[in-house]
């Protein structure tokens, strides 16, 4: 890089005179002759600096390669294989089941009768269950001292052999009272026979070990899903739940005391009790589906390049199979026992040591706060190496569905006082099953061969030679440039004078154009006086309010002279409350002056967008007497729809009344006469027709022979030939009947073809919508002008009466899938429906979407798609307002196939919410995707708006941070948007350009920040409320594509 910088300099580098030195001249004699301009007395120093730097760089690089090749042989690698299960299946994990509340009310009440066991003592003992950092941060020393005095008084007077372990074990729930029903693959078994009580951080729990039973507890790879997994029905015992009143208990142990239900986790049998492992939760009245993803890890041992072990260290010998988790727990227990004379309750898994009371533990750890650091303890337990072989069970939970009917009947039969409502409010149904018929196998291996090392050495040697050739070429070009500059000094002076003259003329014209440009709008760059132009009162730059997408109300507000000084451009405007720059898309604006309030301040202030006005506008409008609040666009649309609905219902009633009114006696008599005449026509026809047997036999034989010959030759008979044969063999009345029926049939087919080309009117959820395209409904429905669709099951019906009857009998209240998102503030919910499991519902959904989406909807390939359905939560149920589909195995780099927002819900931001959901799923999958192309006109507008919001928010964030550069690759990883989509959005905004000299893309920051704030605003998905995880765990290597 130094050499290229030297070549780029325009001025002549000064030559430095060097004294002669015989030793030095001999060494560089050949170089000085070729490099000097005035003999061997003068030479350039920069050439030697450049040559020295290149040689130093090559030496460092070669030494680094040698070290890399050495460590390449030593370092093992990890291989990843996905293995399909064989017939013997896969062992089921152990399941540890705990109640949220570890202490029964009846047990405490029994102790309280003695009079010495108080609530303060219970709070004090309960603090033994919490972790050490929480104890040190939340507990008060004086309260701990009082609790210790209460405990000592209770031990001395009542219970001499009292221990914390025994208290927690006896205070917990019994197995027969908690685990009511267990079944595997539909076969019921005794829960308590396969379970054993264990003490954990959550109190007394029960570990269900399925290997200990006589049944074959193996996973059958052919049978997947909920019906073949483990089902546990657990009793919450609401009457036994204990709630505390003191502050210590609420802050320390029972931070989630008001949660009801159970904790459970899946683990290996040898892994022991999962103290800090990831656990799942279940609340009463719910059904939880837990799908397991299985991984098997195999590492190299200590004597074979690895660091795992299968034997216990000498300090912590145990009869059980070695487990690193148990080893680290024993190590911590021994460490605290040596330090404090006792060990904390969570580490005393075998009961070998005395359990520390909270007061004693607090005094012991208070001496040195290093013990609060978890890494400090891990450094003391380095002897506990990782397991050489381990099974890992990752849980993916989904909540929903009805309580199992079989369990309801069984529980009601066991206790007649248990009503269905009581069971649903006090019991939990948990289904644990394997998700796939394969598992991931990780193995640590020595993956190094001699051929790989030789190929790497050969490649690096070629690179080394190439670099040397480039360096020699650069030196040669440098010398030629010096010679050319020194030859013609006069020519160089003339060129410089001409450049100065031309530059002075250009700069003067540029200054004049810049002055004019200051009066132009900063967005459209035009001096149009037709639009209302206003200057920012901070930076004094002009803008058209129409270019900033202001509404008429805001434009009229700023047109008044008293309000002109209140306008601020998008670069200068800040939040009205915190005075920070607007960076997020969840901000709101004042209806009058468009002053924004950021999302953080909205949560703190609790303001609603319908009633928002800033302080200035409130004071301004309070002076006006006859001021009326105008409705926003959404309210106007809703009112119009309600009016249309009422008018339509009124007109239908009037039509029915008019029909009933016209059905008088005279009309009835006339209708009966017409009916009798038609019946008489058909009866006379039947009496007048003669039999075909009366026709000539020769004509009959001739016609039949012609028909048989045509069938043998596989030829079809034309209509003219058919008419000739019918005329020959049939009577006149039969021939006329044939021709008339054929004409009616042709007219009917023409009408059906016309109806299939025309669009139908959709009646959905009390809204009337005109279809934009011909539907793909079955033939008997799509020909109808009006199609009635059920708002829950989406069943199409051709008549209104049938729809009313179906609406009364339909038992559906929500889409048939897993609920993965619910926002109770916005009253919306999202369901995930698998096209394989529910093809009937998915097909009905595609039929409905075909009225509004052209070409892309396919109702006969729903098995390959997942459907994410956005619903509105109402008192009646969850009604559809939009959806998008996604391929299970995308053929291209597509994270979305089709997207639809129902017409009656447009303009509320639901389309942006669905797009945000698709990218949120991609982020969790750690994949960068794009919607399926080509996009429709409305789809392109929606996606361009979303990409624009993401890009502008990112640029404004970098502008606030004063970042030196902007990386679209970084933004692509943050948002999971394909980088081509970001570049096309930047080009459409006109904020990106290409620099030929630096060969890089430049972003016009000022143009990007001046974009209207309304381009940023959109509905955003709340990530905390999304309960979804990908089937396949994303790799730690980085981001990937869907088509990889």
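From the backbone N, Cα and C atoms, a Cβ is placed for every residue, glycine too.
As annotated in TrEMBL, transmembrane segment covers the listed stretch 461-484 rather than the other ranges in 461-484, 485-508, 509-532, 533-556. Note on TrEMBL: of 845-865, 866-886, 887-907, 908-928, the range annotated with the feature transmembrane segment is 845-865. According to DSSP, the domain 'PHD-type' (518-575) comprises 14 helix, 7 strand, 37 coil.
Confidence annotation: the domain 'RING-type' (575-618) carries a mean pLDDT of 72 in the model. Other Cβ atoms within 10 Å of the Cβ of residue 932 (active site, proton donor/acceptor) number 21 in total over all chains.
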